[in-house]
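Worksheet for the structure shown next.
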Amino acid sequence: MTRRKQAAPDKITAPVKAGLVKPMTARATTPEPVDAATLAEIFARLSAANPEPRSDLEYLNPYTLLVAVVLSAQATDRSVNLATAPLFARADNPAAMLALGEETVRHHIRTIGLFNTKAKNVIALSRILIEEHGGEVPRAREHLEVLPGVGKKTASVVLNVAFGEPTIAVDTHIFRVSNRIPLAPGSTTDKVQAGLEAIVPEPYRLNAHHWLILHGRYVCKARKPECWRCPIPDLCRYPDKTPGPA
Ligand code: SF4
């Protein structure tokens, strides 16, 4: 069965266009990516600082992870967690979510952006999981990516977190960090994802997604990277490092 999905707006590169983040594509100002030894040292330090990284999203099983990631588009993980705690207490599987119904799902997630569309998607994907996958979340990327509200990034997160696949879903944080250091510079999230998946050393592949996203979210922030408390300032080649907190 072929399903048509609308292309999502490019919210990751939008901050560049809006002038909030410096463009990453000008080769004259973008340093060469770090070499293999430096790359390994970067991940060794990120690993030492956070040996068992976890998603900030709260979930109970692969299904609730899938729903939480779908809800997190253009929303903070905190806002999603606040909405999903009572929602997942009532429905932690596709059948229970269908029984709950779209109107009740919409009420639970009304504090999250795009809640009308997301409520429709949660109900629609739950129905497909029941009708086509025995009520389970499929482990195949091609089956995940055609679910309503699920794209390449969401599929990568589910494959990585729920099934232990060494995928690296590139969100706005990973896109920024990868271009700043730079690890795998690229003008699109697809290019950055392909670059990272090609170069991240094997021992770090499973958790690379979490280390980079958490590093970008809490340290290498968009407007003002907190370089003074970064574990890799001597390895990073970003020319506009922030000298101190003042
Ligand atoms: S040194 Fe600064 S720019 Fe480089 S990774 Fe650390 S926080 Fe980001």
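Backbone N, Cα and C atoms are what each Cβ position is placed from, and that goes for glycine too.
What you see is a predicted model, and the numbers here were worked out from it, not measured in a lab.
Listed in TrEMBL for this protein:
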type	residues	note
BINDING	CYS220, CYS227, CYS230, CYS236	[4Fe-4S] cluster binding site
DOMAIN	71-218	domain 'HhH-GPD'
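A map of TrEMBL features onto the structure.
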residue : record                        : Cβ within 10 Å
CYS220  : [4Fe-4S] cluster binding site : 24
CYS227  : [4Fe-4S] cluster binding site : 18
CYS230  : [4Fe-4S] cluster binding site : 19
CYS236  : [4Fe-4S] cluster binding site : 22
Per DSSP, to which secondary structure element type does CYS227 ([4Fe-4S] cluster binding site) belong, with helix, strand and coil as the options?
-> helix
What DSSP reports for the domain 'HhH-GPD' (71-218) is 99 helix, 0 strand, 49 coil
For the [4Fe-4S] cluster site built from CYS220, CYS227, CYS230, CYS236, further residues of that chain with CB within 8 A of the site's CB center = ARG180, ILE181, VAL219, PRO225, GLU226, ILE232, PRO233, TYR238, LYS241, THR242
